[in-house]
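Okay, so here's the structure we're looking at.
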Amino acid sequence: MEEINKYIQNSSETGGEIYNLIEELFPICRSITGNGVRKTMDIIRKHIPLEIHEVKSGTKVFDWTVPKEWNIKDAYVRNSKGEKVIDFKENNLHVMSYSVPVHKTMTLDELKPYLHTIPGNKDRIPYLTSYYKENWGFSLTQNKFDELCDDDYEVVIDSSLEDGSLTYGEYYIRGELEEEILLTTYTCHPSMCNDNLSGVALITFIAKALSKLKTKYSYRFLFAPETIGSITWLSRNEDKLKNIKMGLVATCVGDAGIKNYKRTKFGDAEIDKIVEKVLMHCGSEYYVADFFPWGSDERQFSSPGINLPVGSLMRSCYGFDGYHTSADNLCYMNKDGLADSYKTYLEVIYTIENNRTYLNLNPKCEPQLGKRGIYRMIGGGSDYPFDEFAMFWVLNMSDGKNSLLDIAYKSGMEFRRIKYAADALYRVELLKLV
């Protein structure tokens, strides 16, 4: 699958395109249901042919129930002078997601219990939700809150909460094998970028690249609201789970922070070894964390009755400075970070596609390489000239049990170095695929 290299080489340009998609999606007010999610899916469909699914409110999905659909047209708090002191149209984080409709006049003291701030970060608007308990509220900066004076305020939330449906999208690329790789991201957060428009845009462009390549494995891309969306998909697709070989959750991939990988619950699954091997040779700082049962949708895919090896490859992990606030905006995005995330995900996919197991066909002592002209057949180009050390590792460890990834770990070498050596040995019939 060497064709993927042209996309890796063009990652800097693609980082800018990913940013542009984030910028286009940023103004949309999304939640776990509603027209904002549908509008987001429509924009993604300009890039990849998403199949859209609608699941009716009230549908049982394991221990959960698909909630009512929420939509919002407008919301504001207006003082007696007619000034809007809080305006949803200025920032959609101003309204608690899933707020029920409100239209009343309130004093400041009556209104205060419904106003939410971050006293420690006075210039940030907090992101709040109330999905499963009917409630309403406004978020605003502490600075703005401190400016409010005793007055009568008109309070309006022009929203609807009624039977509808939950929307998710998926895109399936059929490979040579039915075994599939799951790449998933969530679509429910409103105007916040790292969490998680970065994941949405990244996975869109990963899918776009793979759609143009011939792959060994099949690939499934899932765009769904966090928690309830993955639970809904799992409950409706249990028959597909047997084909899922491994997966990754893409979130928080767009800032300038170091790369972070959260392992699967198994800790040593193939996807764990692949991601960690890629990170070892990425040339920059990274961090690997053991699994913990909170965070994003890896916790649903890792639940005992599902038990899929799904990790999460991020940059600054959730909880970063500005997380779930208005500070997670376009200014927080970093095009180089987006490009590096794209490149890293593609390198992981390259390793998944090329991690094969060989058997040495000349196992009694070392074969004579020179008479086979093998030094002229190495496949890695100028970056990987004749590499007898990599070849010795491949020949010695290719017993039909050790994969190329195993050999890369045991040798301490980059996976590509081992892979290119194996390619050369295979071409002169010193190896056969197991």
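For all residues, glycine too, the Cβ spot is worked out from N, Cα and C.
Summarising the annotation, Swiss-Prot assigns region 'Aminopeptidase-like' to 1-55 (among others). In the predicted model, the region 'Aminopeptidase-like' (1-55) shows an average pLDDT of 98.
According to DSSP, the secondary structure content of the region 'Insert' (56-164) in residues is 16 helix, 46 strand, 47 coil. Sequence annotations record features per position, and here Swiss-Prot assigns region 'Insert' to 56-164.
For 57-355 (among others), the entry in Swiss-Prot reads region 'Aminopeptidase-like'.
The Zn(2+) binding site annotation in Swiss-Prot covers H189, D195, H324, and the record cites experimental evidence as its basis. Counted within 10 Å of its Cβ, the other Cβ atoms near H189 (Zn(2+) binding site) come to 25, all protein chains included.
Residues of the region 'Permutated winged helix-turn-helix' (356-434) grouped by DSSP class, helix first, strand second and coil last, total 40 helix, 12 strand, 27 coil. Positions annotated as region 'Permutated winged helix-turn-helix' by Swiss-Prot: 356-434.
Here the Cβ of D195 (Zn(2+) binding site) has 29 other Cβ atoms within 10 Å, regardless of which shown protein chain they belong to. Note: the Zn(2+) site is recorded as H189, D195, H324; in the same chain, Y127, M192, N194, N196, Y318, Y323, D328 also have Cβ atoms within 8 Å of that site's Cβ centroid.
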